[in-house]
Ligand SMILES: NC(=O)C1=CN([C@@H]2O[C@H](COP(=O)(O)OP(=O)(O)OC[C@H]3O[C@@H](n4cnc5c(N)ncnc54)[C@H](O)[C@@H]3O)[C@@H](O)[C@H]2O)C=CC1
Ligand SMILES: CC(C)CC(=O)C(=O)O
Ligand SMILES: [Mg+2]
């Protein structure tokens, strides 16, 4: 792959979003320096910050910039002043959902890995999670999050869940193809004993399975899946599921990795792809320097893979592995001698730049010397 010139729209968003985005951009800048690429970063508003500035959580200028970009990097959106106000007319989350829908980002891909170095920090049984490695395909533009919702005259409320065969087929094909390149197993997580939409998911997946004879297909009800993911995560290879179930079980699966702050994602579909950590804006941590930036840094690695820059992506992943290995960890993973968001980010950037005397950098951090990159 030659030298690339790419325009990346950055949507830092709210809460810890700007802090974790800053570290992912630092990693991308290190990659650009090392490999000679040109990445132009175009910062745009989305979420609560966009409501505050324009009244709209997804201003037209932001959507336009995303459409014209080569990729989008998102931090997170959401603010308690909207969460705690049930009568708020406009919400940050509406901006995110509208962005996903507008860009046709129907497949959200969330890798989950058990890191050897972090096993000791896990509340889960080490011998059960060691080696766990799964890829969750979460449908992202349909289902209950996008169905008609409202209040009835009697004061009751409703959220409708609808799926079409087409919506299921397009993400199922992607999940089957991924399973073919991995360990050849696909688990559909649904609630087909109760929900009609889930029965349609099963029918479609059963039909498509005929086109992928090398893939072993398994079906699990979501309640059972929620338990199995924790109890015996190594049984999973590719998980395919609808929007809300995928949202919930992937946050749960982050316990296998060790923290919600470690899980990245790629959202892909018809237009430009978007990369974001699976976590939210963690408002309690805003400005404290305690947020783990690795989920966003690994999302940047997925962005590089999307550009076809595998070696570059590997350099980011290797630098992250090294940070974990060396114990350069934010407080939720190591309360005793924690590193800040920025220190973890700059340690990773050093690793990308092959300044392999990371010990020196670690010492600098210990001495309180400022980050250099
Ligand atoms: N994609 C997005 O932008 C998302 C936005 N949200 C929004 O975020 C706001 C907060 O929602 P919550 O339910 O509290 O979810 P959250 O994901 O922001 O935080 C849940 C918990 O996970 C941990 N955590 C999350 N990110 C972390 C990080 N980088 N490092 C270390 N620990 C981390 C913290 O213990 C935190 O209390 C809400 O406004 C919500 O709507 C929630 C999920 C996704
Ligand atoms: C607005 C929500 C659906 C965001 C969320 O929880 C997620 O995408 O994981
Ligand atoms: Mg979520």
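Using the three backbone atoms N, Cα and C, a Cβ is placed for every residue, glycine included.
Not measured: the values here are computed from a predicted model.
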Recorded substrate site member, picked from 67, 138, 183, that accompanies 100, 110, 223 in TrEMBL: 138
Rounded Cα-Cα span from residue 251 (Mg(2+) binding site) to residue 110 (substrate binding site), Å: 10
Packing count at residue 247 (Mg(2+) binding site) (other Cβ atoms within 10 Å of its Cβ): 17
Distance, residue 223 (substrate binding site) to residue 191 (site 'Important for catalysis') (CA atoms, angstrom): 8
Residue 138 (substrate binding site) and residue 251 (Mg(2+) binding site), distance between Cα atoms, whole Å: 12
Other C-beta atoms that fall within 10 angstroms of the C-beta of residue 223 (substrate binding site): 13
Cα distance (Å, whole number) from residue 247 (Mg(2+) binding site) to residue 223 (substrate binding site): 14
Cβ under 6 Å from ligand 3: qualifying recorded positions of 100, 110, 145, 223: none
